[in-house]
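Summarising the annotation, TrEMBL assigns repeat 'WD' to 52-101, 102-143, 144-185, 186-227, 228-260, 271-305.
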Amino acid sequence: LQSLNNFCSQIGDDRPLSYCHFSPNSKLLATACWSGLCKLWSVPDCNLVHTLRGHSTNVGAIVFHPKATISLDKKDVNLASCAADGSVKLWSLESDEPVADIEGHSMRVARVMWHPSGRFLGTTCYDHSWRLWDLEAQEEILHQEGHSKGVYDIAFHMDGSLAGTGGLDAFGRVWDLRTGRCIMFLEGHLKEIYGVNFSPNGYHVATGSGDNTCKVWDLRQRKCIYTIPAHQNLVTGVKFEPNHGNFLLTGAYDNTAKIWTHPGWSPLKTLAGHEGKVMGLDISLDGQLIATCSYDRTFKLWTAE
């Protein structure tokens, strides 16, 4: 990973790109934009494959279903997205229009994330709550309050038993999805939490914050075990390498993304090149590619050559 190079840079839209997400087969990248458009790009050659039209305002996130591009039919729900007007939309890989809407949010939905089972969808909202939707039964099954300000990001534990949320109240929370109870309170950040991610090792969770740091918490010890002085500006996203969790990727408003290596979370590599804030990032499931997207309207693919 030390020889990571900028493999491809592409102008994604005429407004800032807020989010990017690789498909499970690592052959597509989805990008979300403040223009209201979501786009699907072929990987690694960065050609536009689909433009998804349905949102009329800033899109906060777009995410692939865990089985999309692997075993799901193209006409099934393969993607979910959310926007600043509270809309949440579901997409197939066949149409450029949404196949369904999830209605119930009256305020901005910041993030949307699939549960590992693919049956449930988590959404975070500026009304201080987050929700879990059962898409098979087509109903809301959890509506969790507990943050004192807007909830920004959500992640799920790999075994599907836990959710982690990060709030604009500077606190993170880990929730037991069976009971809906908050089982761990992540207290220590000085400003808003914008990113949360579980490690595939099953016991680490990372948070990224407006205080410019990233913290790694241990679910077994129930405490913060590392504080990484990650960036010169607010941290927008954190992502563990998806197979072992030995690397952590962070992105920030200082226009860079950085890779940290475990043990010790020492800096391994800085991905510089964006001319604006890094708004979103992802690592492909095959571990070969990193994607970053930015306020500068571009997304970049980085590869170990």
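Along the chain as shown, residues are numbered 1 onward.
Glycine is no exception: its Cβ is also placed from the backbone N, Cα and C atoms.
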Long-range environment of the repeat 'WD' (228-260) - Cβ separation under 8 angstroms, sequence gap at least 6: 1, 4, 191-192, 194-201, 204, 206-216, 266-272, 274-285, 287, 290, 292, 294
Tally of DSSP helical, extended and coil residues in the repeat 'WD' (144-185): 0 helix, 24 strand, 18 coil
Cβ contacts under 8 Å made by the repeat 'WD' (271-305) with residues that lie 6+ beyond its boundaries: 1, 3-22, 24-26, 29, 31-32, 41, 43-44, 46, 61, 233, 236-237, 239-243, 249-259
Across the repeat 'WD' (186-227), average pLDDT on the 0 to 100 scale: 99
